[in-house]
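Okay, here's the structure, questions in a sec.
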Amino acid sequence: MMECSDEDSRPQTMHEEDPLSVDIPETAHQISKDSWFQVGFVLTTGINSAYVLGYSGTIMVPLGWIFGVVGLIAATAISLYANTLIANLHEFGGRRHIRYRDLAGYIYGRKAYSLTWGLQYVNLFMINTGFIILAGSALKAVYVLFRDDHALKLPYCIVIAGFVCALFAICIPHLSALRIWLGFSTFFSLVYIIIAFVLSLQDGINAPARDYGIPGTTTSKIFTTIGAAANLVFAFNTGMLPEIQATVRKPVVDNMLKALYFQFTVGVLPMYLVTFVGYWAYGSSTSSYLLNNVTGPVWVKAMANISAFLQTVIALHIFASPMYEYVDTKYGIKGSALSFRNLSFRIAVRGGYLAINTLVSALLPFLGDFMSLTGAISTFPLTFILANHMYLVAKKNKLNSLQKLWHWLNVCFFGCMSVAAAIAALRLIAVDSKAYHVFADI
């Protein structure tokens, strides 16, 4: 375990720009109240969100058995490592850094504060866009089970999903207030994961031999493989670890590490299960939403899709919380969540934010492409490049030459991966945009 000693935390390890010149506001949201177990469930909710129903198609199909399995295990290990680096810097310099941008600003200065906030905002916006696409897809899947008349199209379902997400956001004032909803989220996750697993297993046993070859031309295989690498890191990382760590009780570093170990051991097992079995059952024909492949009783499939929809509404709130915390703090939204001022503010601001999310979701409903682009332009920089470089700067007086070289290698490698994955993701979006019109009914 990497501990921050007093000597490690001296200001001499900072960038030459005075870090205290960055104005760090107090938060209007509740912090330091949650147990490590509750925080572990927040993290596990993210990792086992309805996105797991897409990994068979968006990770395993482009990579195949060998690289898919090895890639998922490797991504688990490096993601745990990168997140522990960030968690250990939470109290760097003798103060708590409850936002990602606060930590970057303290280490590097004002420009890094603004750049990190921009990256994080883009990261969370695209994750939430994907969640709304997922929720809309789940709603459409339920409708198609009972009426396949194409009257209720995907864009309409996305609008309904966005409206429900906005209602939930208005009712839940901050991240710690989720509490019992985390229990519901876990239940919903288990429902759709177990149903997807059992129906996929049944289909796989009864189906003829499957084709596990990687589809596409040589050129397309290169781009889809790189895009799948971005999906690998997207699967395990939130891009908002300091904000989640802010809610945990003291000792904040030790408790956060417990939550991370829970996430990356017990928490990843359901995701592995449904990802591998889904690919085994359907091979290269696996879709980016596994419940579209499975066969079984209509009511069982409806239950799985409804559970995926409801869990997505809860998970989106977690990833939107840094944006909510920012505007609530900026405009002094404190006190009773039901006061007229606070309630009307949440209706206007959160409703407006999710309306924009919903518009983008309906405009370009290409889920796998959004996952790749998010991983490329924000997850790689926030979770791997920035984490390693911040740790290198903060601990440079305590690291030997080999350790410094290790962190620089990580920075360079993930920097190259980020650029390559961004190019691949943009190409995939361009290709899909030619194949489908905007507001496509996929």
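Backbone N, Cα and C define each Cβ position, glycine as well.
In case it's useful when we look at the structure, here is the feature table from TrEMBL:
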- 33-426: domain 'Amino acid transporter transmembrane' (DOMAIN)
- 36-53: transmembrane segment (TRANSMEM)
- 65-89: transmembrane segment (TRANSMEM)
- 121-146: transmembrane segment (TRANSMEM)
- 152-173: transmembrane segment (TRANSMEM)
- 180-202: transmembrane segment (TRANSMEM)
- 222-240: transmembrane segment (TRANSMEM)
- 260-282: transmembrane segment (TRANSMEM)
- 302-327: transmembrane segment (TRANSMEM)
- 347-367: transmembrane segment (TRANSMEM)
- 373-393: transmembrane segment (TRANSMEM)
- 405-430: transmembrane segment (TRANSMEM)
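Give me the lay of the land around each of these features.
For the transmembrane segment (65-89), the list of distant contacts is 2-4, 59, 97, 100, 103, 107, 212, 225, 228-229, 232-233, 235-237, 241-242, 245, 253, 256-257, 260-261, 264, 268, 272, 275-276, 279, 383-384, 387-388, 390-391, 394: same-chain residues at least six beyond its ends, Cβ to Cβ under 8 Å.
Long-range contacts of the transmembrane segment (180-202) within the same chain: residues 38, 41-42, 44-45, 48-50, 52-53, 172, 270, 273-274, 277-278, 280-282, 290-291, 293-296, 300-301, 303-305, 307-308, 310-311, 314-315, each at least 6 residues beyond the stretch ends and with a Cβ under 8 Å from a Cβ of the stretch.
Sequence-distant contacts of the transmembrane segment (222-240), counting only residues of its own chain at least 6 positions beyond either end whose CB sits under 8 Å from a CB of the stretch, comprise 43, 46-47, 51-52, 55, 58-59, 62-63, 67-68, 71-72, 74-76, 78-80, 82-83, 100, 120, 123-124, 127, 214, 216, 264, 268, 271, 318-319, 321-322, 368-369, 371-376, 378-380, 382-384, 417, 420-421, 423-425, 427-428.
Long-range contacts of the transmembrane segment (260-282) within its own chain (CB-CB distance under 8 A, at least 6 residues past either end) are made by residues 36-37, 40, 43-44, 47-48, 52-53, 55-57, 59-61, 65, 68-69, 72, 76, 79-80, 83-84, 87, 189-190, 193, 196-197, 200-201, 203-204, 207, 210, 212, 235-236, 290, 293.
Using a Cβ-Cβ cut-off under 8 Å and counting only residues 6 or more beyond its ends in the same chain, the transmembrane segment (373-393) has close neighbours at 13-15, 78-79, 82-83, 85-86, 88-89, 100, 103-104, 107-108, 116, 119-120, 122-123, 126-127, 130, 227, 229-234, 237, 239, 399, 404, 407-408, 410-411, 414-415, 417-418, 421-422, 424-426, 429.
Tertiary neighbourhood of the transmembrane segment (405-430): same-chain residues 222-224, 226-227, 229-230, 364, 366, 368-369, 372-373, 375-377, 380-381, 384-385, 388-389, 391-392, 399, selected by CB-CB distance under 8 Å and a gap of 6+ residues from either end.
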Taking a Cβ cut-off under 8 Å, which residues six or more beyond the ends of the transmembrane segment (36-53) line up next to it in the same chain?
130-131, 134-135, 138, 175, 178-179, 182, 185-186, 189, 192-193, 196, 235-236, 238, 244-245, 247-249, 255-256, 258-260, 262-263, 266-268, 270-271, 274-275, 278, 289-291, 308-309, 311-312, 314-315, 318-319, 371
Looking only at residues six or more beyond either end of the transmembrane segment (121-146), which have a C-beta under 8 A from one in the stretch?
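Sequence-remote neighbours of the transmembrane segment (121-146) are 49-51, 53-54, 152-155, 157-162, 164-165, 239-240, 289, 291-292, 298, 301-302, 305-306, 308-309, 312-313, 315-316, 319-320, 322-323, 354, 357-358, 360-362, 365-367, 370-371, 373-374, 377-379, 382, 442.
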